[in-house]
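Q: Here you go, one structure.
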Amino acid sequence: MKKILILGSTGSIGTNALELIRNNREQYQVVGISGNKNIDLLKKQIEEFKPISIYVGSEQDAIYLKKEYSFIKEVYFGENGLAELSKNSDYDIILTAVSGAIGIDATVEAIKRGKRIALANKETMVSAGVYINKLLKEYPKAEIVPVDSEHSALFQSLQGFKKENLKKLIITASGGTFRGKDLAYLENVTVEQALKHPNWSMGKKITIDSSTLVNKGLEVIEAHELFNVDYDDIEVVIHPQSVIHSMVEYVDGSIIAQMGVANMKTPILYAFTYPEKEYNSSINFLDLIKNNNLTFEEADRKVLKGIDLAYRAGRTGDTMPTVFNASNEIAVELFMKKQIKFLDIYRIIEEAMNSHQVLTLNTDNALNVIKEVDREIRKKVREQWEK
């Protein structure tokens with residue numbers, strides 16, 4: 001039986017993971033979960049799966065839950081709580097499904113313990129990829145299996161081939177909510193419009209990121225760090241049907257693609273079972289006859305600038321990807337609060353990147369540098385844009 005620790009159990013990926021486990025309880029045991037503010041759902045999960053360790057955002061909620069459930073041995077909260085949960089819990093696999101830079105420390109602790117990380121937190125590799133890769137070399141028993149559908153597709157399509165056989169990675173994108181729209185249209189789009197993704201059911205933040213194509217930009221940086229592939233050999237292609245989740249082109253002209261329904265359960269399950277594949281009754285199967293029209297097109301990077309900003313951040317390297325990520329996180333938060341317009345998201349990211357003096361990350365102090373830059377950028381954006 002595999003012991004699973006789920007960070008972000010109340011979010012979209014976390015709830016999908018728990019549904020997979022619910023349908024295969026003889027194979028998996030949930031030893032720990034974490035939620036932030038959705039206490040009602042967290043309580044239901046605690047009652048059903050009976051984890052012995054949990055994390056919650058506030059001290060008040062932590063005290064309440066510890067009193068409420070006698071079987072819980074440890075309750076963590078606060079800024080360092082997720083890392084402590086990762087450091088102290090007894091698990092085989094940790095699913096990092098929290099959004100934001102808070103997931104980095106928890107991943108670091110899991111690597112130091114030689115665990116498998118089912119990675120669904122983009123920021124870990126975007127902001128701290130250089131440091132994480134260095135750490136993985138120091139702790140070779142640890143492994144990262146990506147959960148993001150595109151990176152899972154690339155990971156699967158790369159199995160069994162040498163890196164010198166590779167020509168390029170092709171990351172597919174649905175195009176998001178505003179595919180085909182012009183700048184005049186985007187100037188006044190609402191939060192409600194941006195949250196209507198055509199294919200995927202996801203959390204609010206990642207849905208907004210998909211509408212700006214910043215999400216795809218983050219995926220480009222993450223792919224560079226995960227697979228050690230140059231940015232010139234990573235391509236983004238719009239694929240509106242979201243059936244092909246990504247592809248790998250090889251030097252002999254062949255392209256290997258991973259296909260499936262637009263659902264996060266398959267990549268989550270693969271991260272749990274790798275290198276094997278396992279049936280689960282909650283998985284839906286792709287009907288090729290019904291999905292017989294697969295199309296591809298170029299992304300309109302002049303209108304939806306998230307991809308180009310990411311390539312710029314990634315090629316600059318060092319602390320610039322952290323700036324890209326942190327400024328976007330605050331910009332999306334302000335947009336969802338209706339304090340800025342949709343196109344202001346790009347303006348905020350560009351301003352933050354243009355004004356940043358890049359710091360190198362080739363020292364043992366890299367993680368502290370990343371955290372400090374992350375804090376500074378968030379503070380600066382809030383001061384300039386928050387109403």
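First residue shown is number 1, and so on along the chain.
Keep in mind that glycine also has a Cβ here, set from the backbone N, Cα and C atoms.
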Q: Based on Swiss-Prot, name the residue from Lys112, Lys115, Lys122, Lys134 that is recorded for the same 1-deoxy-D-xylulose 5-phosphate site as Ser149, Glu150, Ser174, His197, Ser210, Asn215, Lys216, Glu219.
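A: Among Lys112, Lys115, Lys122, Lys134, only Lys122 appears alongside Ser149, Glu150, Ser174, His197, Ser210, Asn215, Lys216, Glu219 as 1-deoxy-D-xylulose 5-phosphate-binding in Swiss-Prot.
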Q: Of the candidates Gly176, Gly180, Gly203, Gly217, which does Swiss-Prot annotate as part of the NADPH site that also includes Thr10, Gly11, Ser12, Ile13, Lys37, Asn38, Asn121, Glu123?
A: Gly203
Q: Taking just the CA atoms, what is the gap between Gly203 (NADPH binding site) and His197 (1-deoxy-D-xylulose 5-phosphate binding site) in Å?
A: 10
Q: Could you round the CA separation between His197 (1-deoxy-D-xylulose 5-phosphate binding site) and Ser12 (NADPH binding site) to a whole angstrom and send it over?
A: 14
Q: Could you list the residues of the same chain, at least six apart in sequence, whose Cβ is under 8 A from the Cβ of Glu150 (1-deoxy-D-xylulose 5-phosphate binding site)?
A: Ile171, Thr172, Glu219, Ala223, His245, Ser246
Q: On a simple 10 Å Cβ count over all chains shown, which one of the binding-site residues Lys37, Lys122, His197 is most densely packed?
A: Lys122
Q: Which one of these binding-site residues has the most other Cβ atoms within 10 Å of its own Cβ: Asn121, Asp148, Gly203, Asn215, Glu219?
A: Glu219
